[in-house]
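Reading through the structure tokens given below for one structure.
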Amino acid sequence: MSLKVKLGLLAAGLMLSGCMQATTYEATNTQAFKPKDKELLSKIRYANTPVAEPYRRAIVDYHRKEAPGSIVVDSDSHYLYYVLEGGKAIRYGITVGEEAMAWSGIAKVGAMTEWPAWHPTKSEIERLGVPTFVAPGPDNPMGSRAMYLYANGKDTLFRIHGTNQPEYIGASISSGCIRLTNEDAIDLYNRVKVGTIVVVLDPKKGDSPYKPQMALQGGATFAAMQ
């Protein structure tokens with residue numbers, strides 16, 4: 001991880017941690033894991049990589065008007081929200097695309113895959129020097145789950161998926177896709193279905209569910225979601 005990214009994540013963590021009391025909680029519901037999940041996740045060499053507490057899964061107050069069951073992505077704050085009933089949402093920390101590669105708009109989940117293979121785009125192959133195909137598994141950048149975003153009946157080539165780099169949760173470094181920890185990707189995958197609405201907010205438009213520095217106010221409740 002670059003020094004710039006490390007300092008950015010540290011600053012964000014310090015800024016956000018000042019808005020909350022210390023909380024002890026279990027972030028991972030392993031009961032939701034399938035045998036293959038447990039097998040592959042146990043092989044991941046970075047299994048003990050900590051995610052900064054502000055980006056760990058939480059139930060928070062939510063003021064926007066999207067219907068329960070919708071997904072809202074706030075790239076500015078590096079959060080994905082799964083909207084619940086009663087003015088609440090499950091908030092997940094995410095990695096998002098670099099500014100030039102970010103995507104925004106309204107889409108639907110058009111397909112879903114467990115432990116997907118990775119087929120890099122031509123531009124990714126040229127830019128990153130990666131192979132044309134990466135098999136499913138713990139070293140695959142797609143991680144444990146993938147939700148493929150479609151708009152107007154066509155694949156946008158943007159995905160919500162897991163990661164093999166959890167240390168970058170809270171940063172803007174991806175090729176435009178939305179990355180969660182593998183555990184959070186499994187949790188979200190188990191809640192959504194094909195046809196789920198996904199709203200990706202325009203960056204820097206002031207339309208975020210929470211300003212980053214206020215994200216943990218309003219009584220955030222941390223829990224292992226069942």
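Each position is counted from 1, following the chain as shown.
Using N, Cα and C of the backbone, Cβ positions are placed for all residues, glycine too.
The number of other Cβ atoms within 10 Å of the Cβ belonging to H161 (active site, proton donor/acceptor), over all protein chains shown, comes to 26. Mapped onto three states, the DSSP output places H161 (active site, proton donor/acceptor) in strand. Look at TrEMBL and you will find H161 tagged as active site, proton donor/acceptor.
Positions annotated as active site, nucleophile by TrEMBL: C177. Annotation note: C177 (active site, nucleophile) sits in a coil segment as assigned by DSSP. Long-range neighbours of C177 (active site, nucleophile) (same chain, six or more residues apart, CB within less than 8 Å of its CB): G97, F158, R159, I160, H161.
Residues or ranges marked as domain 'L,D-TPase catalytic' in TrEMBL: 69-201.
The signal peptide annotation in TrEMBL covers 1-22.
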Overall pLDDT of the domain 'L,D-TPase catalytic' (69-201), taken as the mean: 90
